[in-house]
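Taken from Swiss-Prot as is:
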- Lys165: active site, proton acceptor (ACT_SITE)
- Lys191, Asp193, Glu194: Mg(2+) binding site (BINDING)
- Lys191: N6-carboxylysine (MOD_RES)
- His284: active site, proton acceptor (ACT_SITE)
- Lys324: site 'Transition state stabilizer' (SITE)
Amino acid sequence: VGFKAGVKDYKLTYYTPEYNPKDTDILAAFRVTPQPGVPAEEAGAAVAAESSTGTWTTVWTDGLTSLDRYKGRCYDIEPVAGEESQFIAYVAYPLDLFEEGSVTNMFTSIVGNVFGFKALXXLRLEDLRIPPAYSKTFQGPPHGIQVERDKLNKYGRPLLGCTIKPKLGLSAKNYGRAVYECLRGGLDFTKDDENVNSQPFMRWRDRFLFCAEAIYKAQAETGEIKGHYLNATAGTCEEMMKRAIFARELGVPIVMHDYLTGGFTANTSLARYCRDNGLLLHIHRAMHAVIDRQKNHGMHFRVLAKALRMSGGDHIHAGTVVGKLEGERDITLGFVDLLRDDFVEKDRSRGIYFTQDWVSLPGVIPVASGGIHVWHMPALTEIFGDDSVLQFGGGTLGHPWGNAPGAVANRVALEACVQARNEGRDLAREGNEIIRSAAKWSPELAAACEVWKEIKFEFPAMDTL
C-alpha cells in the first residue's frame, strides 16, 4: 500500500514556515484561539488543512492528486500582544482552489467548516489578500465612484441621504410623500429601510411607483438629480430581478440590496444587471454584526467589505466613527480605504494585514449612517471626505418642523462644512463654531441645533495620526 492509514498531525503537511507566498495566492490572516494543550503550529496547520484539501484522516485518493499544488499552507504564526491564548496564523491558498468570479465559493472554502473545528476554541478571519489574478475574474461594483458622480452631476462634497422612518407601517402614498419632502429640502438620496421589502401594509410595486413620482417632482423643483434607494431584496432571486427590472422601467437611478441576508450569489447577479442597465446599487449590511461583532470569532467587517467590492455594489454602510474611540476610528478608515482606493498599503495599526492592489476595480462609496445629526457634520466631513454618503434618518425626520426643513438643515450644515474646509479651516477644532455661524442665517438649521444640542468631539485633529 502506498500510504499509511490513520489519523495524522496536520503540521507535518500543512505547516510550512519556509514557504514564500506566490503573487497569485489568496492570503488569509486568522486570529486563532486553540483549545488548551493544542500547540500553535498544529492549530494553524489545522486551519490551513480544513479550509483547503485536508480531512481528518489519510485517504488513499490523496495519491491521485498533487497535494503540493492544491493544499493551503500555514506559512507564518505571530503572537497577539496582550493575549496569551491567541495568535495570528497566516495561510496561503493556491488560486486553483476557487471558482472564478464567485465570492460564494471563496467563502465556502475559507470560512466554511473550519469554523466549527473542535481543536479550536474560537477562530476569526481578520483579513484577506485578494490577488489581481482573482479580482480580475469579478466585475466588481456596477459603476464606481467617478461614474456615479458623473451620472448624478454632483462634485466636491459628500452626498446626503436619509432613511425613511417609521420604517414599517406607512402606506405607499404617505411613504412617497415623505421621500418627496426630503428630496425637495435638499437631500440627494432617500432610502428604503433594509426591512422594507414587500409587506402587507405596503407592497413593493406601489412603493416603487410613488417613490418614482416623488423623485421626478423633486427633480423638477430643485433642478438637481435625485434618487431613492428602492430595496429590491426579495425571497427569491427571480423576484429580486423582477423588482430591479421594474425600477429600471420607471427610469430611477438607483436600487438597493441587503447583501448578507440576500446572499452573495443573488448580489452578484443583481450587480451585473445594474451594470448592464445603468442602475446604481446601494448595499446595506444587515446581519453583519452577527458575523463581525465578536472580537475572537467570526470575520472582521473589512473582509465582508472586500467581498462586497468583488461581488458588486456602489454604496455600502460602513459605520459612523463619530464619538467612538480613536483606535476604532483608524480601523474604520482602514476598511473605508479598502473600499475606495485602488492600492492600499499594509498597515497593522489600521487593521490592514496585507497590501491590497485592486488593479482598477471600481471603488465603493462608504455610507455613514446611524444616530448622527447636524452637530456631527464637521466631524463626518473631516473623517470621510468627499467620497461618502452621510445618511441622517432621525437626524432629518426628527426635525421639529418636519422633513423638508430637516433636509434643509442638513444641506446647509454640509455646505457650510465643505466651504469651511475649502477655506482651510480646521473642522475638528472649529466644528461647533462653523455650525453655529451657519445657523444664524438658516432658521431650519438653528431649530435643528436646538433639538440635538452640541456634541463633544472625543478626538483631536486628524493630523495627529
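Backbone N, Cα and C define each Cβ position, glycine as well.
Model, not experiment: these values are computed from the prediction.
Positions of the features from Swiss-Prot, shown on the structure.
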residue	record	Cβ neighbours (10 Å)
Lys165	active site, proton acceptor	16
Lys191	Mg(2+) binding site	30
Asp193	Mg(2+) binding site	18
Glu194	Mg(2+) binding site	21
His284	active site, proton acceptor	28
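Nearest in space to His284 (active site, proton acceptor), taking C-alpha to C-alpha distance over the recorded positions Lys165, Lys191, Asp193, Glu194, is Glu194.
Rounded to a whole number, the C-alpha distance linking Asp193 (Mg(2+) binding site) with Lys165 (active site, proton acceptor) is 8 angstrom. Here the Cα atom of Lys165 (active site, proton acceptor) is found 11 Å from that of Glu194 (Mg(2+) binding site). Highlighted in sequence order, Thr163, Ile164, Lys167, Asp192, Asn195, Val196, Tyr229, Asn231, Met256, His284 have their Cβ within 8 Å of the centre of the Cβ atoms of Lys191, Asp193, Glu194, the residues recorded for Mg(2+), and are not part of that set.
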